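Q: Annotations for this protein, taken from Swiss-Prot, read as follows:
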- 1-35: signal peptide (SIGNAL)
- TYR36, CYS56, CYS59, HIS60: heme binding site (BINDING)
- 286-306: transmembrane segment (TRANSMEM)
Amino acid sequence: MQTRNAFSWLKKQITRSISVSLMIYILTRTSISSAYPIFAQQGYENPREATGRIVCANCHLANKPVEIEVPQAVLPDTVFEAVVRIPYDMQLKQVLANGKRGGLNVGAVLILPEGFELAPPDRISPEMKEKIGNLSFQSYRPNKKNILVIGPVPGQKYSEITFPILSPDPATKKDVRFLKYPIYVGGNRGRGQIYPDGSKSNNTVYNATAAGIVSKIIRKEKGGYEITIADASDGRQVVDIIPPGPELLVSEGESIKFDQPLTSNPNVGGFGQGDAEIVFQDPLRAQGLLFFLASVILAQIFLVLKKKQFEKVQLAEMNF
């Protein structure tokens with residue numbers, strides 16, 4: 001009987017442990033999957049709006065630079081590098097979700113011409129693999145292989161991101177044309193200020209939702225504040241909730257206006273976008289150009305030789 005009770009107790013403990021582990025996994029998975037650039041993938045069919053604006057700017061409000069470097073021209077069915085640089089001061093620390101300070105993450109979206117896509121691993125050279133590191137790229141949508149996203153990844157290590165790109169093969173993709181194409185890029189460093197549902201993160205400034213007197217400020221146990229604003233005209237009280245992270249700028253008894261900043265703006269990151277051009281080169285045209293240049297060089301050589309021969313003849317006639 002005692003053995004049976006012990007077995008029953010052990011069974012309950014194992015079941016409880018599995019349940020707790022499963023719950024932690026689900027919560028963790030949800031937290032990770034909610035990270036950028038997943039937000040854009042979930043909310044927008046195309047990351048680039050008709051105006052040319054990349055949708056990441058809807059959540060990352062500060063404007064920061066981004067750079068892209070691609071070859072001037074590429075041949076069909078070749079692998080090349082698209083290097084995206086997201087510069088920022090490595091000494092900066094951002095406000096994390098728990099209100100503490102930590103390093104900045106970076107992310108990027110690369111919008112390639114139709115037909116261009118992520119190079120398969122067996123086509124990537126060892127030198128390029130070394131530049132890529134442990135990065136894992138993914139398509140924006142299964143049917144949009146020309147749009148690639150990456151992030152969030154540690155900015156200290158990956159402020160320069162190398163995308164391995166495979167150019168299309170006209171032999172298998174008949175709709176591809178040999179033209180000059182634009183490439184668009186967006187890159188962010190740090191967390192956003194707005195979530196896709198419109199709510200604020202703790203990485204932005206918080207403003208007063210009413211005018212009046214700050215009658216009470218309660219500091220929460222886990223960080224953040226509850227600020228009670230009393231409207232002197234009708235006695236109505238409004239409570240503004242400040243999450244952990246931003247620094248408080250007001251004090252009790254202070255008179256404030258509507259939309260006045262209650263906190264500092266802790267954001268040190270931002271988003272930027274840029275573009276570049278690449279020529280999808282026809283091999284036959286390239287060969288023709290080389291042949292033309294070679295013929296011009298040979299013609300120049302023959303002209304020089306002919307001129308020297310003529311000069312020798314003239315010199316011989318003069319001596320005669």
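Placed from the backbone N, Cα and C atoms, the Cβ positions cover glycine too.
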Q: Would you identify the secondary structure of CYS59 (heme binding site) according to DSSP, in three states?
A: coil
Q: When the number of other CB atoms within 10 A of each residue's CB is tallied over all shown chains, which of the binding-site residues CYS56, CYS59 has the maximum?
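A: Most Cβ neighbours within 10 Å: CYS56.
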Q: Let's check the environment of HIS60 (heme binding site): how many other CB atoms sit within 10 Å of its CB?
A: 26
